[in-house]
Amino acid sequence: MLVELSIKQFAIIEQLTVSFDKGLTVLTGETGAGKSIIIDAIGLLLGGRGSAEYVRYGEKRAEIEGLFILEPKHPAFAKAEALGIQADDGMIVLRRDVTNQGKSICRINGKLVTLGILREIGQSLVDIHGQHEHQTLLHKEQHLSLLDHFAGPPLETVLDEYKELYKQYLALERQLAQLTENEKEMAQKTDLFQYQLKEIEAANLEPGEDKRLEAERLKLANAEKLFKSVHDAYNNLYGEGRGLEWINNALTHIEDASSYDPELGKLQQHVQEQYYLLEEAMFTLRDYLDKLEFDPTRLEMIESRLHELQKLKRKYGDSVDAIVEYASTIEEQLDSILHKDDRIKQLEQSLETMRLDLEVESAALTNIRKQIAMELTESIHEQLRALYMEKTSFEVKFHETAEGKKPFRENGVDDVEFYLSTNPGEPVKPLAKVASGGEISRIMLALKTIFSNHQGVTSVIFDEVDTGVSGRVAQAIAEKIRHISVGSQVLCISHLPQVAAMADTHLYISKKEVGGRVTTEVRALKDEEKVEEIARMIAGVEMTELTKEHAKELLDLATSIKCNH
């Protein structure tokens, strides 16, 4: 949900920070105080169209920032993570600056992003009713997803099975496409792979050969230095006045001393062990010198072989092992190409089998969806009746293709769209085309009542959805908005006292003059202040004790409704 909103130098707002809570927050105030400006700022934060006109006169830029706290599994986190944006502690911070030149600077959790990315993340967080671009319920491409969410568990298992099968189907299609690409390219690949294999096989490579030869070359190329170093080491150990003789003399003296002090026996043993180790090392050095030889012919052969291997490395890999692995890969591909007709036949048979399975699975999906569509239709009609729109018709249409056979897609074959008719005798039309005129607010409210828990958004904003209604319709609208706020945070600008009475938090928007300029202020109303404001909404300028009593009655009614639901 939206926890905090900060607005600076936006329209008439100089600086404003508003904290929001869960449930229903209603914003009221006199005309022109800045209620819709706050909603405009949120719309801009969610990726709406920006303009230099939004920047307060005389300022360089407008700044809007919103802090959202979400459930760990909210889809916004997956989207942010895919874009390399860190989202710590379940928080997402959106920020947008608009300069007086009309340029936008967008950030998510401090990272610069494009306006498109800001819009994509923003629309998964908030749905604004009142700004057409945020009315996700009007978007046809959302209707199948909404229907599936409404269906819940009965559909999920079948849909998951279909998706897994569809993924395998696409993989087989890609393999078949690779095999059936144009003959000229296949012939070129065949010639290339055959040439490469012939060249690699002619080299008679052995795994790890390059590493072994490089080690041997190092030894042969430095044979003279190697001989001198080993010979000097040997001479330092063996011979008169050399290392072993000195240690042997020391051992004799320690042995004599230990006859007077037994404690030296351990030292004698230790020195004797070291003597034997050095003696063994001396013999090893002697044997090494006896075997050491310099073979110029062998060195030349190694250099030649390493040069040959280096040429292959430049073409096929950075080591002999990598070249061998590459050869194995192209050998498989070559075999596949040379036997492609058999492989194509095999893939086509597998695809046909899988296609039949997909038809069965997609048909099962369609049947479930059509059953759920009837339940959804009845639920929507129930909501419309509660809003005194019993003559409005709602339908979920499953579009058919001209050929009758629908293509497989990630979520099945169904092309679903919501249709509506607001007048008896008139045919239903696509929801987006009917969405105009005074009744649309109630229609959208009915839809949102059903789908508020299925859209994924955490916050729903209603910007004066109650214009032009009163009486029982106004009370019905208030109750629907309250119902939506149970599952989603709702922010609502309203002129209806019935809606204001339902508020969990009532914010009053006012404007004042500071330094010769007007700015907007927001404050949360306390109990008595709520009565005063609702009475003002009922009566206008002239408030009486009667209007205050009416306001209290509305608040009592709202409390009763909340307690019973």
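Note that Cβ sites are derived from N, Cα and C of the backbone, with glycine treated the same way.
What Swiss-Prot lists as ATP binding site is Gly29, Glu30, Thr31, Gly32, Ala33, Gly34, Lys35, Ser36, and the listing cites sequence analysis. Within 10 Å of the C-beta of Glu30 (ATP binding site) there are 12 other C-beta atoms, taking all protein chains into account.
Same-chain neighbours of the ATP site beyond Gly29, Glu30, Thr31, Gly32, Ala33, Gly34, Lys35, Ser36, judged by a C-beta within 8 angstroms of the site's C-beta center, are, in sequence order, Ile37, Ile509, Ser510, Lys511, Thr520. Around the Cβ of Lys35 (ATP binding site), a 10 Å sphere holds 23 further Cβ atoms from the protein chains shown.
Ranking the binding-site residues Thr31, Ser36 by other CB atoms within 10 A of the CB puts Thr31 at the bottom. Each of the binding-site residues Gly29, Gly32, Gly34 was scored by the other Cβ atoms within 10 Å of its Cβ; the lowest score goes to Gly32.
Classification of Gly29 (ATP binding site) by DSSP places it within a strand. DSSP assigns Gly34 (ATP binding site) to coil in the three-state reduction, placing it in neither a helix nor a strand.
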